[in-house]
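Colleague: Features from Swiss-Prot:
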SIGNAL    1-20  signal peptide
REGION    30-62  region 'Disordered'
COMPBIAS  32-48  compositional bias 'Polar residues'
CARBOHYD  N57  N-linked glycosylation site
DOMAIN    113-274  domain 'F5/8 type C'
DISULFID  C115-C274  disulfide bond
CARBOHYD  N210  N-linked glycosylation site
CARBOHYD  N220  N-linked glycosylation site
DOMAIN    298-621  domain 'Peptidase M14'
CARBOHYD  N318  N-linked glycosylation site
BINDING   H360, E363, H498  Zn(2+) binding site
CARBOHYD  N428  N-linked glycosylation site
CARBOHYD  N472  N-linked glycosylation site
ACT_SITE  E591  active site, proton donor/acceptor
Amino acid sequence: MWGLLLALAAFAPAVGPALGAPRNSVLGLAQPGTTKVPGSTPALHSSPAQPPAETANGTSEQHVRIRVIKKKKVIMKKRKKLTLTRPTPLVTAGPLVTPTPAGTLDPAEKQETGCPPLGLESLRVSDSRLEASSSQSFGLGPHRGRLNIQSGLEDGDLYDGAWCAEEQDADPWFQVDAGHPTRFSGVITQGRNSVWRYDWVTSYKVQFSNDSRTWWGSRNHSSGMDAVFPANSDPETPVLNLLPEPQVARFIRLLPQTWLQGGAPCLRAEILACPVSDPNDLFLEAPASGSSDPLDFQHHNYKAMRKLMKQVQEQCPNITRIYSIGKSYQGLKLYVMEMSDKPGEHELGEPEVRYVAGMHGNEALGRELLLLLMQFLCHEFLRGNPRVTRLLSEMRIHLLPSMNPDGYEIAYHRGSELVGWAEGRWNNQSIDLNHNFADLNTPLWEAQDDGKVPHIVPNHHLPLPTYYTLPNATVAPETRAVIKWMKRIPFVLSANLHGGELVVSYPFDMTRTPWAARELTPTPDDAVFRWLSTVYAGSNLAMQDTSRRPCHSQDFSVHGNIINGADWHTVPGSMNDFSYLHTNCFEVTVELSCDKFPHENELPQEWENNKDALLTYLEQVRMGIAGVVRDKDTELGIADAVIAVDGINHDVTTAWGGDYWRLLTPGDYMVTASAEGYHSVTRNCRVTFEEGPFPCNFVLTKTPKQRLRELLAAGAKVPPDLRRRLERLRGQKD
């Protein structure tokens, strides 16, 4: 859907010739006058934003670039140049405040900006605490004025991408109630997220109040005049303005002064604020809940991540192993933490499970959750936690916290609130890794339409297309590394951790109807995938909060916070679909939070939201049947034997030791084990709600032809009884 949305942006209405239009959006600035705010103190002077640097003809040009995604190729196109016309010079009420654009602060400097976000983006601030002077519609109300909120495909519905004041509103304002006295230190703004329109504020003032009736403004140190803060020059880039002096108040207002000509005063915002102690405040909210686990709750760049993983390995050397599956385009290693009672060894009958995070580098919560999970498992194992001990003794857990470390480093440098919605999403080749796996859906569906599945074309372990294996194929090194990893280890269960929504999506991710934007496209194992998705969603505290509002433009709670991926938006080349069709592994996508890159003060609560879900999901690998397929004569396991379940058109295969795991929901199943050179065997296997997979072992007997091949290959003579049997089978007499 993102590709469709971005492509449609090319057909958006042309932007007017001038930026920075004030108040009623008429070219030039109105004379300074009185700002009448209901219940406010009198007379605040308007101040125009400082005009941009002039070119030779008296105008300033800004090049806006948008990303157009066509199929799998990422193409960068230049939009039409936008001309900034210098407004008529007027005496301002005070000097313009210098903005702090995204990306200008190093991580260490970011800590000095003072306060963390109040919680507009993370939804910690409820809709009832957001107000405005006016709104164009309900879908453009103040509850939509949250940093990084995304609109739906259509404007004018209930889910538009900003707060927008009415055109007739002469003195627009957007107000946030912190709930109690708070130290405000800064403001971050964006324009309107829309496929069809360009709207953003170019300058604004800030006011404060303790009772929402008496207001005072933020002032410059040098002049003592009201400060005018320069805002945005495009819809998406977050712009941070630190206040000249932090202010303690309960309410904060943003008053747009100028905005894009031809547009409307529209903005999305986040407020930087610190709580303050006030013994007279009788309505103090309960402190934000966190976690009592002794874990490292902060964001980790590549160097810090390596250091943390090494510390965990040194603390728990008997249950951990760190290994690399390859390198990113920039040469950063893709590190995996393996956790098991026998790390580095595949034990017969012990399933392999994995979590993958950071496929999109700017979706940072999954990365931190996996780093927290490995710390937690180590800590609890040392404490003798029986649940953790059982997990580590019954399965091998593989944690890949950063599949796209290059993208993450870009996002980390920008900072959690300034990275925006998409920067750092792609790898350094501008490849979206979740569209980069081989499309195996199309050849499977074409073969099904021709009646070739499963007799001619298998319904599992589909081979890579020839084009995908060519040296010049557009396949990211990160993708190649993960595919090799999938082939090397017999994974059974996986989850791909993303961010930006609160929902669990399951395969298929790609619609069966070509070019359909969305369409319900279930797999043959739809019941299993729905179960897995429901287990995670039902164990996630945030997803189960019935009082929470939707993140952006869809309310997934009406479906239990799960959805078929293709019925949400089509994703050709997804890792989920590839994992299901190329390996034995069942994988879902978990969208962990409305905020892709939450501030680190949100991490303790996000850990509590997901801790039980992460553990419970891993335990689902016990659901279904498991066993070993052995050779009757040698009693050795048979590798690559096929396990077929009657009524489910998708098979799995045995690992190199002959062991297998087949995820199934409770019920009775007729299961067939077959292997080349062996007679097939079918038996009934019952799956119940009891813990642990139902043991369903098979012993296969070689066919006479296979026995003959093996004898001849060994140079032995064919026994008379076998020779006579073969001749009888051929219809010949001795």
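Don't overthink the numbers, they just go from 1 along the chain as shown.
Any Cβ shown, glycine's included, is placed from N, Cα and C.
Each of the listed features needs to be described in terms of its position in the shown structure.
Modeller: In the three-state DSSP classification, C115 (disulfide bond) falls within coil. A C-beta separation below 8 Å, combined with a sequence spacing of at least six in one chain, links C115 (disulfide bond) to R183, F184, S185, G186, P246, L272, A273, C274.
N210 (N-linked glycosylation site) falls within neither a helix nor a strand when secondary structure is assigned with DSSP, and so counts as coil.
Secondary structure at N220 (N-linked glycosylation site), taken from DSSP and collapsed to helix, strand or coil, is coil. The Cβ neighbour count for N220 (N-linked glycosylation site), using a 10 Å radius and every protein chain shown, is 17.
Around N318 (N-linked glycosylation site), the same-chain residues six or more apart in sequence whose CB sits under 8 Å from its CB are D341, P343, listed in sequence order.
The Cβ of H360 (Zn(2+) binding site) lies under 8 Å from the Cβ of N404, G407, G424, R425, W426, D432, L433, N434, H498, G499, K596, each of which sits 6+ residues away along the same chain. The secondary structure of H360 (Zn(2+) binding site), as reduced to three states from DSSP, is coil rather than helix or strand.
The number of other CB atoms found within 10 A of the CB of N428 (N-linked glycosylation site), across every protein chain shown, is 20. In the three-state DSSP assignment, the secondary structure recorded for N428 (N-linked glycosylation site) is coil.
Look at N472 (N-linked glycosylation site): DSSP puts it in coil. Of all the Cβ atoms in the protein chains shown, 6 others lie within 10 Å of the Cβ of N472 (N-linked glycosylation site).
Neighbour count (other Cβ atoms within 10 Å of the Cβ, all protein chains): 25 for E591 (active site, proton donor/acceptor).
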Colleague: By a 10 A CB contact count over all chains shown, which of the binding-site residues listed here is most packed: E363, H498?
Modeller: E363
Colleague: Near the Zn(2+) site, what residues other than H360, E363, H498 in the same chain have a C-beta no further than 8 Å from the centroid of the listed C-beta atoms?
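Modeller: Nearby residues not in the site list: G358, M359, G361, N362, G366, R425, L497, G499, G500, K596.
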Colleague: In angstrom units, rounded to an integer, how far apart are the Cα atoms of E363 (Zn(2+) binding site) and E591 (active site, proton donor/acceptor)?
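Modeller: Here the two Cα atoms are 9 Å apart.
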Colleague: How does the model score the domain 'F5/8 type C' (113-274) in terms of mean pLDDT?
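Modeller: Result for the domain 'F5/8 type C' (113-274): average pLDDT 94.
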Colleague: Please report the Cα separation of N220 (N-linked glycosylation site) and E591 (active site, proton donor/acceptor) in Å, rounded to an integer.
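Modeller: So the Cα of E591 (active site, proton donor/acceptor) lies 42 Å away from that of N220 (N-linked glycosylation site).
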Colleague: Give the number of CB atoms, excluding that of C274 (disulfide bond) itself, located within 10 Å of its CB.
Modeller: 14
Colleague: N472 (N-linked glycosylation site) to E591 (active site, proton donor/acceptor): how many Å between their Cα atoms?
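Modeller: Per the Cα atoms, N472 (N-linked glycosylation site) and E591 (active site, proton donor/acceptor) stand 33 Å apart.
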Colleague: Tell me which residues of the chain lie with their Cβ under 8 angstroms from that of N210 (N-linked glycosylation site), as long as they are six or more apart in sequence?
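Modeller: Within the chain, N210 (N-linked glycosylation site) has Cβ neighbours under 8 Å at P181, A249, R250, F251.
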